[in-house]
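According to TrEMBL:
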{"type": "TRANSMEM", "residues": "39-58", "note": "transmembrane segment"}
{"type": "TRANSMEM", "residues": "70-88", "note": "transmembrane segment"}
{"type": "TRANSMEM", "residues": "129-149", "note": "transmembrane segment"}
{"type": "TRANSMEM", "residues": "169-189", "note": "transmembrane segment"}
{"type": "TRANSMEM", "residues": "201-219", "note": "transmembrane segment"}
Amino acid sequence: MGSLVQGFTKSLAMTFVSEIGDKTFFAAAILAMRYPRRLVLAGCLSALIVMTFLSATIGWAAPNLISRKWTHHITTLLFFVFGLLSLWDGFKEGGGSEELAEVEAELDSDLKSNDRTKKDSSKKKQNRPFLTAFFSPIFLKAFSINFFGEWGDKSQLATIGLAADENPLGVVLGGIMAQTLCTTAAVIGGKSLASQISERIVALSGGMLFIIFGIQSFLSPVDA
């Protein structure tokens, strides 16, 4: 198992390049234009931090279920697969903001659906969902969009692999730091910042980083 600093550095770099230009990044930027920023930031960050802890816990537990040798090999393979997929996406990407437009369309559709639901249930205010008694609906909306948006995402799987091979605490701290930087930038910068991001550059940079991590993992010895 690597050192805390190594786990922190790898997780910080990997999460940062995975989240910049990701669907959850665009969702945070768009939500921040429509709702109070502090609630959007709190909801998005809470979801991403919970997901980081959950992913790192799964990765930490993996070597207890499978031999460390196999978890190391699986992690190495994941790095190469994610790297090649990211490079492929980068080479075929047109450099525009198609994903931004896609996320915005999904949020618009969701907003219209919610508006209809509110009208239908306006006479049943006493039967509001339990969580809305404790949390703002905006907070819950931002939380759910980001949490389920990250579930099964490349960054989540990579975090699981990193935590299985590196210091889990370092992976958690690095992941939270990167998520905080990316989400804060998205909320403050809004759609204007999101539209400036080149999806091609982000994909190519992420792909190269995953390949580098894969080579480093392949060449590093496996702990007994």
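We number each residue from 1, going along the chain as drawn.
Cβ from N, Cα, C; glycine included.
TrEMBL does not curate its annotations; it predicts them automatically.
Comparison of 39-58, 70-88, 169-189 by number of C-beta pairs under 8 angstroms to the transmembrane segment (201-219) places 70-88 first.
Distant neighbours of the transmembrane segment (169-189): 2-16, 19-20, 24-26, 28-29, 32, 37, 40-41, 44-45, 48-49, 52-53, 55-56, 59, 159, 162-163; these residues of the same chain sit at least 6 beyond its ends, with a Cβ under 8 Å from one of its Cβ atoms.
Beyond the transmembrane segment (39-58), the same-chain residues lying 6 or more positions past its ends with a Cβ under 8 Å from any Cβ of the stretch are 15, 24, 27-28, 31-32, 136, 138-147, 150-151, 156-157, 159-160, 163, 168, 171-172, 175-176, 179-180, 183-184, 186-187.
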